[in-house]
Amino acid sequence: MSSNECFKCGRSGHWARECPTGGGRGRGMRSRGRGGFTSDRGFQFVSSSLPDICYRCGESGHLAKDCDLQEDEACYNCGRGGHIAKDCKEPKREREQCCYNCGKPGHLARDCDHADEQKCYSCGEFGHIQKDCTKVKCYRCGETGHVAINCSKTSEVNCYRCGESGHLARECTIEATA
């Protein structure tokens, strides 16, 4: 999508807040996935650039909720077919909670005292968490040892407002129209 196209309908000539299709991503909108939204009033806004593909059967033209292959669906709560867990009439099955840090049951991550078993989301090593990682990775150049704000390698920046390179939107001299 070019910077001149509306984020809601994909057409050029107007900005999202002036979109004639109405709606928006704000309050009252539910994500449909793959670039579309459904409003509380039932209006659907779908990106025309991506077709609806059913993740259940892999065919285009419908979504999983409308798929004919739903007979294989089983409830995660009771294990029987014909419904899903949110519609299950059986009492909610208690599942043992596991810690996201160490993976052990019986406590949550915030109560974990297995600090030496904590896994860093940045480097993948155990013994520390991301905020304490010494092997930080720069998002600008991809190298380890520094973060983007301290990166010495210059990269071309583009303005989201006018599309020109060399400055950011907050530094743009062209007045925003949207």
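Backbone N, Cα and C define each Cβ position, glycine as well.
As recorded in Swiss-Prot:
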- SER2: N-acetylserine (MOD_RES)
- 4-21: zinc finger (ZN_FING)
- LYS8: N6-acetyllysine (MOD_RES)
- ARG25: omega-N-methylarginine (MOD_RES)
- 25-38: region 'RNA-binding Arg/Gly-rich region (RGG-box)' (REGION)
- ARG27: omega-N-methylarginine (MOD_RES)
- SER49: phosphoserine (MOD_RES)
- 52-69: zinc finger (ZN_FING)
- 72-90: zinc finger (ZN_FING)
- ARG80: omega-N-methylarginine (MOD_RES)
- 97-114: zinc finger (ZN_FING)
- 118-135: zinc finger (ZN_FING)
- 136-153: zinc finger (ZN_FING)
- 157-174: zinc finger (ZN_FING)
Ten-angstrom check, please: count other Cβ atoms within 10 Å of the Cβ of ARG80 (omega-N-methylarginine), all chains counted.
10
For the region 'RNA-binding Arg/Gly-rich region (RGG-box)' (25-38), report the average pLDDT of the model, please.
40
Helix, strand and coil residue totals from DSSP for the zinc finger (97-114) stand at 3 helix, 2 strand, 13 coil
Its residues classified by DSSP, the zinc finger (118-135) shows 3 helix, 2 strand, 13 coil
